[in-house]
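Colleague: Okay, so TrEMBL annotates it like this:
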TRANSMEM  B:7-24  transmembrane segment
TRANSMEM  B:44-66  transmembrane segment
TRANSMEM  B:78-98  transmembrane segment
TRANSMEM  B:118-139  transmembrane segment
TRANSMEM  B:151-171  transmembrane segment
TRANSMEM  B:252-274  transmembrane segment
TRANSMEM  B:311-328  transmembrane segment
TRANSMEM  B:334-352  transmembrane segment
TRANSMEM  B:364-381  transmembrane segment
TRANSMEM  B:409-430  transmembrane segment
TRANSMEM  B:442-459  transmembrane segment
Amino acid sequence: MNLSTSNSDQDNSNIGTPVQSRRVFMKITLAITLVMVTAMGLVRVLLDANGANQQGILGRVLQAKAALPNIIAEPNDLVMFYGSSMVRAGFSPRKFDRDLKNMGKNITSFNFGFGGLNPYYQDLLSRRIAEQFVTKNRQLKLALIEFNPFQATTTRWERAQFTVDSYITMLANNDELWRILREDLTRGVHLYNIKYIRNHVSAEMITSYYAREIFPPFRRDVFQDNEKVTLERRKLGRELNTLFKKEYPNYQGEEWYYPWQGAGTIPEERAAHTLEVFDKYYAVTQTDAQMKNDRLSRIRTTDIEDMHFEPRLITSFINIVKNFQRFSNTVEVVMLPKNSRYITYSAAGKQRLVQAIQQIEQATGITIKNHQDINAVTPDMFRDTTHLSRYRGDIAYTDFLVKEYAKSL
Amino acid sequence: MIFNTPLFFWFFCIFILFYGFVFLKQTPKLYCLLISSLVFYGAWNYSFIPLLVGSGIADYFIAQAMANSLDKKNKKRWLMLSVTINLGILAVFKYADFAIESVAALLSSIGYNASLETLSWVLPVGISFYTFQSLSYTIDVYRGDLKPRKGLVEFIAALSFFPQLVAGPILRAKHILPQMHKISLPKWDEAKHGFLLITVGLIKKTGADILAIPADKAFAAQESLSTLEMWTGVLAFAGQIYGDFSGYTDMAIGLAILLGFNIPLNFRVPYFALSPVDFWRRWHISLSSWLKDYLYISLGGNRYNQRTRNIFITMLLGGLWHGAAWTFLAWGAFHGAIITLTHYLASQPLFTRFNHSNRLTTRLVKWAVTFYLILLGWVFFRAPDMHSAVTIIGNLHTIGSATELGAHAWLIFALTAVWVLLVHVMDHYVIKSANKLENKNGLFWFVIIVGQALCLLIGEPSNEFIYFQF
């Protein structure tokens with residue numbers, strides 16, 4: 001048996017002298033280094049030039065996260081409403097606090113509703129929130145957590161795949177990243193590369209962005225308004241922007257603005273004329289055609305009526321509740337009002353929803369409060385098929401929440 | 001570990017430090033290469049390293065035994081042992097489940113419901129490549145085309161050579177073993193060509209991943225797409241599989257060059273082929289030449305008026321090599337049929353003039369017909385099952401489809417077609433005139449840096465190479 005490399009050691013003529021070898025490999029190594037450094041630098045320049053960075057992608061989430069030390073330091077008892085963009089649009093902390101103050105209760109509440117975050121990402125963020133509260137030994141008096149059925153569907157999960165790596169690098173801590181690296185070396189190195197070299201922007205996000213532009217998933221204008229309505233909508237939209245700039249000259253475009261406690265403006269601050277313009281604006285945006293288009297969009301992008309739930313998203317949701325239970329006196333899970341004029345669950349969807357609710361309730365020991373069809377909120381209080389409208393829906397729903405939870409606060 | 005991932009980049013950087021600066025003599029370099037190749041393979045799944053090394057060791061000693069055997073019958077027995085081991089590995093890991101499912105389906109069709117359980121074993125990455133590579137060694141020794149090499153480490157290092165281990169090209173022992181025996185120092189000019197090939201490969205892979213979007217959409221939607229969109233999907237898949245596979249090969253060749261090795265060309269602008277026969281001279285050359293030398297010739301080649309049968313068997317098994325599914329068999333059979341038809345037409349007096357004509361219009365007609373047939377073949381290759389393949393082929397030929405065109409249907413079709421063409425023009429340039437670019441230092445490094453930057457910007461390392469599954 002011959003395990004040697006035969007007579008090769010006797011003839012190293014091809015392999016060159018050590019000096020020759022080192023010289024050529026030095027050139028190769030130098031070329032690899034220079035090419036990669038320059039190419040990576042070019043990538044960073046291109047990303048920055050297009051505003052593709054952490055703030056551009058998850059600005060609101062990161063701003064809210066950065067505000068946590070100040071929130072923890074607030075003197076009053078704390079309430080946090082945690083969820084999706086439906087929470088962002090539907091809960092007014094300042095109205096909530098003011099109404100409770102009128103009842104003699106000093107509460108400071110915050111809107112932690114984030115668009116585009118499915119429960120998987122919300123789970124990661126809730127861990128970061130819990131870490132800060134637990135470290136400072138601070139408790140929430142009440143944690144309101146939204147269970148949004150269509151955020152937990154397989155369709156929603158699959159459509160968010162291109163964001164996973166980027167979001168993980170922004171929301172996971174070093175221990176979690178290290179654990180991924182140990183479990184899957186390729187993925188771990190990939191994530192560290194995105195975090196430290198690519199400024200948190202994965203290639204998938206960029207490819208997907210261009211792919212969406214080139215390969216639009218569906219027509220967004222199946223139902224059309226007449227031209228007069230369309231023109232009026234544009235005109236009023238521009239007018240509202242102008243009025244906003246006039247009324248809030250100091251606002252710098254923060255996505256999660258501390259003085260507003262993470263939500264938007266409130267009617268008391270707005271001029272009477274502005275509120276009139278809003279009324280007109282809603283009249284031309286909440287048209288039947290707009291609503292029907294939005295419904296089709298929601299069906300395609302979230303499976304909103306049939307609701308095939310993604311098991312890992314349900315698990316993530318359970319984790320969110322458990323994370324909040326670590327630092328909250330009371331945790332309530334609620335389902336926000338639904339625009340029943342346009343969104344009707346299928347029989348199978350209803351059945352799946354019941355099963356998902358049972359699973360969550362069993363795992364967390366919390367009964368989910370269903371606010372989907374409360375009388376306080378009517379279909380004309382929605383700006384589309386899912387989100388409550390500003391100065392109407394948000395006020396009505398916040399009012400409802402005050403009545404619902406005032407006693408326990 | 002995939003070439004276009006950060007993990008491979010760091011692996012290669014560490015490897016080159018040892019290979020280029022620490023281990024400067026033949027033997028340590030060889031061991032460095034072997035260990036690195038096993039680490040590279042093990043990064044995917046360490047448990048399959050013994051299978052790779054074991055099959056190599058078996059073939060190494062079988063070849064020695066064959067050479068020591070004076071009796072032809074004994075030689076043949078040793079060869080059969082090698083064939084049994086290599087094809088046995090393939091049969092168990094790759095084809096067993098397909099066979100079990102097919103038998104179960106057959107029994108079910110005759111009214112007998114047998115509950116046959118599949119093995120559901122993980123398919124070791126690159127198994128089809130390294131078993132064929134190892135087999136070629138014992139067959140060459142048996143035929144007397146090659147003397148058995150001394151040096152087990154050299155043999156295993158050649159078999160597991162990481163640039164081409166998991167997706168080819170399939171190297172012949174007589175080509176790679178002498179290079180392992182005397183590892184060369186890469187020359188700087190050659191290294192520059194290596195950089196160019198790596199960059200071109202990355203560009204092709206990145207383009208392939210983007211083409212996967214319309215391709216996946218078309219093959220998933222099938223009936224709900226217009227005829228134009230269906231053609232776009234099929235064309236996109238043609239571009240995707242070419243960019244993906246030839247891109248991988250380019251990177252493999254480029255990396256090998258940086259290490260001082262020479263790997264032969266595996267693609268020669270295949271979609272410019274003027275006949276199905278021509279296509280197979282340009283597409284996955286290492287496999288088609290392997291099948292020709294070791295299967296087609298073994299079956300008798302052109303002799304005894306059995307060319308048609310032998311072509312058909314070769315293409316059928318070539319199809320099966322790509323995957324254990326009826327669709328791959330159908331793809332092989334389809335190519336067998338169109339190659340046979342090409343031979344038949346070439347022998348007909350009516351077509352002789354046309355066949356030998358070199359006029360532009362004739363060449364265009366030949367190209368169009370060939371490309372159309374290749375695209376039809378890809379439908380079998382990509383479709384999830386035979387029913388879908390037939391449905392898609394039907395939709396491709398539906399005139400006046402009732403389905404409304406998507407918003408950018410024509411734009412996507414045009415972009416896909418232009419990309420497929422551009423990639424071929426780029427490849428043609430690299431094959432014919434790369435040295436012109438390599439001689440212009442400034443322009444050369446500009447192209448490399450911009451190319452790498454673009455791929456880093458939008459290249460998706462999560463997308464594995466299609467040919468890994470074969």
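Along the chain as shown, the residues are counted starting at 1.
Backbone N, Cα and C define each Cβ position, glycine as well.
Whatever TrEMBL says is automated annotation, not expert-curated.
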Colleague: Can you name the far-off residues of the same chain, 6+ from the ends of the transmembrane segment (B:151-171), with a Cβ under 8 Å from a Cβ of it?
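Modeller: Beyond its ends, the transmembrane segment (B:151-171) has Cβ neighbours at 30-31, 33-34, 36-38, 40-41, 44, 52-53, 56-57, 59-60, 125-126, 129-130, 132-134, 136-137, 177, 179-181, 245, 248-249, 251-253, 255-256, 259, 261, 263-264, 266, 284-287, 290, 465, 467-468, 470.
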Colleague: Restricting to the same chain and to residues at least six past its boundaries, which positions have a Cβ under 8 Å from a Cβ of the transmembrane segment (B:311-328)?
Modeller: 94-95, 97-99, 102, 128, 132, 287-288, 291-292, 295-296, 299, 335-337, 339-340, 343, 380-381, 383-386, 389, 469-470
Colleague: Out of B:78-98, B:252-274, B:334-352, what stretch is closest in contact terms to the transmembrane segment (B:409-430), meaning most Cβ pairs under 8 angstroms?
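Modeller: Most contacts with the transmembrane segment (B:409-430): B:252-274.
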Colleague: For the transmembrane segment (B:364-381), what are the same-chain contacts with Cβ under 8 Å, counting residues 6+ beyond its ends?
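Modeller: For the transmembrane segment (B:364-381), the far contacts come to 234-235, 237-238, 241, 271-276, 278-279, 322, 327-328, 330-331, 334-335, 338, 389, 392-393, 396.
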Colleague: By a Cβ-Cβ criterion of under 8 Å, what residues six or more beyond either terminus of the transmembrane segment (B:252-274) are in contact with it?
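Modeller: That would be 3, 12, 16, 19, 33, 161, 163-164, 167-169, 171, 175-176, 179, 183-186, 190-191, 193-199, 201, 238, 242, 245-246, 281-286, 363, 366-367, 370-371, 374, 420, 424, 427-428, 431.
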Colleague: Using a Cβ cut-off of under 8 Å, list the residues of the same chain at least 6 residues beyond the transmembrane segment (B:44-66) that approach it.
Modeller: 1, 38, 75, 78-79, 81-82, 85-86, 89, 122, 124-125, 127, 130-131, 134-135, 137-138, 141-142, 148-149, 152, 155-156, 159-160, 166
Colleague: Against which stretches of its own chain does the transmembrane segment (B:334-352) lie, if we need a Cβ under 8 Å and a gap of at least six residues from its ends?
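Modeller: The answer is 275-277, 280, 307-308, 311-316, 318-319, 373, 376-377, 380.
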